[in-house]
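These features come from Swiss-Prot:
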- A61, G62, Y63, D64, K65, A85, N139, N170, K211, T239, G261, G290, Y311, T312: FMN binding site (BINDING)
- K65, N110, R111, F112, G113, F114, N170, N175, N240, T241: substrate binding site (BINDING)
- S173: active site, nucleophile (ACT_SITE)
Amino acid sequence: MNILERAALTALHRMDPEKAHSLSLSALRSGLVPLPGPVTSSRLATDVGGLVLPNPVGLAAGYDKNAVALAALMRAGFGFLEVGAATPRPQPGNPQPRLFRLTEDRAAINRFGFNNDGAATICARLAMRPRGAVPVGLNLGANKDSPDRAADFAAVLAACGPHADFATVNVSSPNTERLRDLQGRQALTALLEGVMQVQAGFARPVPVFLKIAPDLSDADLAEIAEVALASGIAGIVATNTTLARDGLRSAHARETGGLSGAPLFERSTRVLARLSELTEGRLPLIGVGGVASAEEAYAKIRAGASAVQLYTAMVYQGIGLAARIARGLDALLLRDGFGSVAEAVGTGRADWLT
């Protein structure tokens, strides 16, 4: 991290977390933030569920919820971006305060509740984005007051799919009441059938991923793997934030919401490895949760991920983190004799299954 980035983070950390979040997006949009540019190599370039990525380090949904800073983020060293979640209608989300830094734990807790500008506005921004080598996907959500949340996911995809490179069905946010109930076998099967029917009508392929929670039993994971394999989706994103609070030291540790960051790394990686085992490599996995270094990205890949995503670590290490991780990952692949990311996927899975 350079001096300018460190100074900017210090200033942001003196502010309310949600205001700092908004200010960081404004700074990106205005061109005030020095950006590292694209990062790729023959080892880093990879294909995940039909997506051709310059590198496997992606931006998780939740940072640029409303797709307002895409041009800048495409120059920040990420291999792919995910915006949203978008819901059919705009909604304000939960009351503030709803975002908390857990500095001692290198973590955050949020209870945003799918606050966003709505599918129509976000779709328009996706349509206007610059085209380039960095795929941009949309996280699909449901309105809090919707009488048919499963239909909401299909509706957002129908509206925005033509302007997105991929889509992620988010049934795992802990901040919308009973949303996680849609991870059950029957509900998930019906939901994915509706989404895939919409996808089948597109003129070009739009890979659909499913984002799951880290707080699932082994039986739940087995059911999800079975449904996912049968549904025709492109892959699984593992995982969203957790409701667990094990070992936290921060004063905000008991705030309601989803916990992200360093404390999630082990839990989410174990879920990832188990899914890799259950799907036997037949379904690409994207590893999310606690990635803050090249070594942690590499561990996720060796546990079974074809790519990774990050967000919370940027709160503590700045916008240049993705590029640093991608370059470090390239060096680790070279060190261990892997000619590509794909060659390394799952080679350390057994370490996470004990």
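Just so it is clear, glycine is given a Cβ too, placed from its N, Cα and C backbone atoms.
Values in this document were obtained by computation on a predicted structure and should not be read as measured data.
A 10 Å radius around the C-alpha of the residue listed as 'active site, nucleophile' takes in these binding-site residues out of G113, N139, G261, in sequence order: G113. Considering only the binding-site residues R111, G113, N170, N240, N139 (FMN binding site) has N170 as its nearest partner by CA-CA distance. Put plainly, the binding-site residues G113, G261 were compared by Cβ crowding within 10 Å, and the winner is G261.
The Cβ of N170 (substrate binding site) lies under 8 Å from the Cβ of A61, G84, A85, N139, L140, G141, K211, N240, each on the same chain and at least six residues away in sequence.
R111 (substrate binding site) is 14 Å away from K65 (FMN binding site) when you measure Cα to Cα.
For Y311 (FMN binding site), the same-chain residues 6+ apart in sequence whose C-beta sits under 8 angstroms from its C-beta are L59, A60, A61, G62, Y63, S260. A gap of 15 Å separates the Cα atoms of R111 (substrate binding site) and G261 (FMN binding site).
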